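K.L.:
Just dropping this structure here.
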Amino acid sequence: MIIRSPEPEVKILVDRDPIKTSFEEWAKPGHFSRTIAKGPDTTTWIWNLHADAHDFDSHTNDLEEISRKVFSAHFGQLSIIFLWLSGMYFHGARFSNYEAWLSDPTHIRPSAQVVWPIVGQEILNGDVGGGFRGIQITSGFFQIWRASGITSELQLYCTAIGALVFAALMLFAGWFHYHKAAPKLAWFQDVESMLNHHLTGLLGLGSLSWAGHQIHVSLPINQFLNAAVDPKEIPLPHEFILNRDLLAQLYPSFAEGATPFFTLNWSKYAEFLTFRGGLDPVTGGLWLTDIIHHHLAIAILFLIAGHMYRTNWGIGHSIKDILEAHKGPFTGQGHKGLYEILTTSWHAQLSINLAMLGSLTIVVAHHMYSMPPYPYLATDYGTQLSLFTHHMWIGGFLIVGAAAHAAIFMVRDYDPTIRYNDLLDRVLRHRDAIISHLNWVCIFLGFHSFGLYIHNDTMSALGRPQDMFSDTAIQLQPVFAQWIQNTHALAPGTTAPGATTSTSLTWGGDNLVAVGGKVALLPIPLGTADFLVHHIHAFTIHVTVLILLKGVLFARSSRLIPDKANLGFRFPCDGPGRGGTCQVSAWDHVFLGLFWMYNSISVVIFHFSWKMQSDVWGSISDQGIVNHITGGNFAQSSITINGWLRDFLWAQASQVIQSYGSSLSAYGLFFLGAHFVWAFSLMFLFSGRGYWQELIESIVWAHNKLKVAPATQPRALSIVQGRAVGVTHYLLGGIATTWAFFLARIIAVG
């Protein structure tokens, strides 16, 4: 007789038809809230409608219902992303010079937009080479398309249509998984299964299939393109996939198929799985064979990782066990209870994910120029500058978002009665020590970093260059950074014996890669100027962290307002009759943190823009002499505040200021308009609610006099609304100004 263990019951993890599809309900503004659904009495109604439409916590207390709404909304988000991608590919197919660029990427610049000749706007269509007139784009799409093996505009059309189909599919999925088959709460909380599927499916199989595409499609097509074969002569992607002999002509080991893999004779594959380091001298991008090797390795890593967590089979890790075992000598209960927090508070979960994704986005920004992954990306200076700037801004916003949702978690989801002596509780109990020390660090960094600049400005003004902090007088060399650079430059042959070149040319050595007479990358020297500005980076980042962390740690209570948790996430002040309690809500800390995030990122992208123009980007003569765009002036000019104002902001703004009448004139108009949007924000930030209410009353009086008064009573923005409108215009105005300044400059000189 065979004794079997009882089969685990199959759990039903969805509810069928939980909520009926009702267009009547959707057509009613504010249907999710009893108050808002009544319709407007005052103009505040429209603001509340927008503020609460996606605040699912305010619609219901049922965690399952909230989870379903979030899940469904994610499909909507994916649909929008597919729609956007489809638009990008369609522009590439319909309005671009992609095929011309592909045939001569060093002389022809990418363009995927042609302006219609309405009221003289055709001036914006600049000559991008090859007889094509259009707007130069700096998104990097052309470079990605070439790297992935797209050789014709027809292929772009097909991809665009495919993305539209996926967009429709995602919209359907969002409706289906809310109205037809909605997952139960247990499904959202099954973290081990989720980890296994996401790690194996998204990251493991995703990387494996990408590596497969790169080997079978991208690699042969890029080989032909690098050898200057006409794109129309190159076999189509499916021919490489279906006909192994085609690949074997380029890479003989292909003839052996999978035999070397199963006989462990893996070195046979070294033709297309390499570990070279450095850049391909033809394209100025990473070696495609290195990239393939990377994706294959990542795939194997995540396929293993995706089998590590305990589900129905009773083997593997349990996240709860791991967290509860995580105790140290000074950490009390450690992570006990964290599992319950992360499976019942999506704000806590989102906060951690935003912090990690934001940091990762900033890491991406730094790798895009130091290890440019796509062909002809490194010599497209406009795209390099745009990608760095874009990823820095996105990373900054995501990190502020992490603090915002951490604070919302503290206010709405944290239960202090059941949390005792775990890590979070211990951090909260010594929050005064944390914040006061962090405050001291900010003061120290601020005075010292700024003080070094002020010293230099003073000495410069007094005509005493020998007393300045500079590479030629009193040196403050970034010795630790230089040591790290040197270690990496020496790594090939020592710590990485298989590699021929270091991971990035920026580390040092004497390697320089130039493509078509333009510098792709070279070793980046660091000196006193970098030491100074890096301490400004440290200062601005620490102040941002101080504001955001104070908002999180004091979200529920403080000495000033012990019952802050009862007032909610956002409130203007602690009620009438208690002065000095405004701007203390967790929301206000996010509001203030956004300004410092803006400061931080601005200094970073200014540093990057000037440093690259001064020390990296430029042309190279036949004799091998490099002529940089700003002639290496960063080291001597950026060591004073005056230098930053005169030789960076003012000198490099000449292109955007003088752009009128040229194809760059749109940037001049944006520069002007975005300054205006930025200035408009100050109206909301510097004036109070009462001022506007008084003005409104008088305007309403005039309307009554003429018998044209509206039924909905006009109201001034609330304090929080005014601040929200203010910070939005401040950031968008500032970012758009910087964008216009950067692009007009780099397109003109790059």
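Each Cβ is built from the backbone N, Cα and C atoms, and glycine gets one as well.
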K.L.:
With Swiss-Prot as the source, which of 195-219, 220-244, 470-494 is set down as transmembrane segment?
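P.N.:
Checking Swiss-Prot against the ranges 195-219, 220-244, 470-494, the transmembrane segment one is 195-219.
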K.L.:
For the C-alpha pair, I'd like the distance in angstrom between Met683 (chlorophyll a binding site) and Trp692 (phylloquinone binding site), rounded off.
P.N.:
11
K.L.:
Whole-number Å distance between the CA of Tyr691 (chlorophyll a binding site) and the CA of Cys573 ([4Fe-4S] cluster binding site)?
P.N.:
18
K.L.:
Going by a 10 angstroms cut-off between Cβ atoms, which of the binding-site residues Tyr691, Trp692 has the sparsest surroundings?
P.N.:
Tyr691
K.L.:
Excluding near sequence neighbours, so keeping only residues 6 or more apart in the same chain, what lies with its CB under 8 A of His675 (chlorophyll a' binding site)?
P.N.:
Gly733, Thr737
K.L.:
For the binding-site residues Cys573, Cys582, Met683, which one has its C-beta crowded by the most other C-beta atoms within 10 angstroms?
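P.N.:
Max Cβ neighbours within 10 Å, all protein chains included: Cys573.
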K.L.:
List, by number or range, the same-chain residues at least 6 past the transmembrane segment (531-549) whose CB is under 8 A from its CB atoms?
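P.N.:
399-400, 403, 434-435, 438-439, 441-442, 445-446, 448-450, 452-453, 469, 476-478, 481, 589-590, 592-593, 596-597, 599-600, 603-604, 607, 638-639.
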K.L.:
Going by DSSP, is Cys573 ([4Fe-4S] cluster binding site) sitting in a helix, a strand, or coil?
P.N.:
coil
K.L.:
Could you give the residue numbers and ranges of same-chain residues that sit at least 6 residues beyond the transmembrane segment (433-455) on either side and whose C-beta is under 8 angstroms from one of its C-beta atoms?
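P.N.:
Same-chain residues near the transmembrane segment (433-455) but 6 or more away: 427, 468-469, 476, 532, 535-536, 538-539, 542-543, 545-546, 549-550, 553-554, 639-641.
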